[in-house]
Amino acid sequence: MKVLWAALVVTLLAGCGADVEPGPEVQLGKEWATWQASQPWEQALGRFWNYLRWVQTLSEQVQEQLLSSQVTEELTALMDDTMKEVKACQSELEEQLGPVTEETKARVSKELQAAQARLGADMEEVRSRLAQYRGELQAMVGQSTEELRGRLSAHLRKMRKRLLRDAEDLQRRLAVYQAGIWEGAERSVNTLREHLGPLAEQAATVHTLVSKPLQERAEAWAQRLRGRLEKAGFPVGDRLDEVREQVQEVRAKVEEQANQVRLQAEAFQGRLKSWFEPLVQDMQQKWAELVEKVQLAVGAVPTSVPSEKQ
């Protein structure tokens, strides 16, 4: 687990330091196709991305809607939805951090807020640029707007690259911290099992620890009593039989109590097993899904992100 944790951190740092270089439009499209939108915030961001791709076509329909406020209003709604889901995901993760130091919580919160702010700034810049284009377009009614469309298209390509980079940076950070939480939870369950194991073993040996010494002491006492009674001239046969029966009754009661203790301990262990095994299995399944998702996300983002061409 520790080795995988270290590998995820190294991957996160390497992805954050990647440079952005030009490249063909089709490559960026393929990269976005590998986006693992399993979380609500990832799905919301996917809707923002798809709408932005449609706007970038600058078709006649897009041009008509850009002259009104419809495009910017739609982007605003998609952006607000995305940031709302991002904040909810961050809050949930911070709650799951559990018994870590306040310093660690503060550092994680600061890093996630910074990544979240970068993503929000990217979407805000897209919206602002389209609002600016709308004003320029309205001022050029009846004139050629080809140059204006070219500048907007180039700017949107640049913003799509930045948006993809910052989105995957946030995704990797969330994955790394979530992996640490699952590792800690699984380790805690294993520790609890290690502590409960000896309890079951002790309960299983209660019968031997209690009944055997009692039996030995009872037999020794009976022998001493027989010797004393014989020396005193008393008949000991019936009396010893009575004593033996009493000893057997005491022994049976002790054995019954020991068995009850053992059964209670076994039942307690069974309840704990039924409580924690589904949790461990669920965490192991989520861990496997997380590792696969991180590997796909990291493998889909090369050290240099190509630019786009219409």
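From the backbone N, Cα and C atoms, a Cβ is placed for every residue, glycine too.
From a predicted model like this one, the values you see are computed outputs, not experimental measurements.
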The residue range that Swiss-Prot labels region 'Specificity for association with VLDL', out of 11-23, 37-49, 271-283, is 271-283
Long-range environment of the repeat '1' (77-98) - Cβ separation under 8 angstroms, sequence gap at least 6: 39-41, 43-45, 47-48, 51, 104-105, 108-109, 112-113, 116, 119-120, 123-124, 127, 170, 174, 177-178, 181, 184-185
DSSP puts the residues of the repeat '3' (121-142) at 19 helix, 0 strand, 3 coil
